[in-house]
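S.K.: Just dropping this structure here.
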């Protein structure tokens, strides 16, 4: 496994739209392992393939205290969103910057795991926020896009 280079804002590649994965082969599995290593090395809780300059719909997340419960989401799609919550967010592609972002409190998604099996996932709280943040990366959106400009 290896630590991958993370694209930093304002790199225009962060705005690219990711494409679906049609086959989960050894190359994709290797990418996922490297993404996890990169996320853990950089002390993040989520990473989208877009952030490592691979424009595929892959997300890795681990919000566990001991960093031992990785969640892999391939081709994730929102099924439902409800409620509202605000979390202070940061991003490995925008180092040392944070902002409070309003997002849905609960989300339900459909995704594929590393074995190619489709599954549904309901989440709330921090996990729901993390999923929404990382899924934004797949459509070229960053958390700073939610920040309203200051008024004079």
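Glycine too: its Cβ is placed from the backbone N, Cα and C atoms.
Sharing the record's features from Swiss-Prot:
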- 134: active site (ACT_SITE)
- 91, 133, 137: Fe cation binding site (BINDING)
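Just tell me what is around each of these and how deep it sits.
M.R.: Taken residue by residue with DSSP, residue 134 (active site) is part of a helix.
Less than 8 angstroms from the CB of residue 91 (Fe cation binding site) sit 9, 97, 133, 142, 143, each of them six or more residues away in the same chain.
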S.K.: Take the Cβ of residue 137 (Fe cation binding site) and count every other Cβ within 10 Å, whichever protein chain it belongs to.
M.R.: 25
S.K.: Inside 10 Å of the Cβ of residue 133 (Fe cation binding site), count up the other Cβ atoms and send me the figure.
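M.R.: Here the count is 24.
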S.K.: Would you mind checking how many other C-beta atoms are within 10 angstroms of the C-beta on residue 134 (active site)?
M.R.: 25
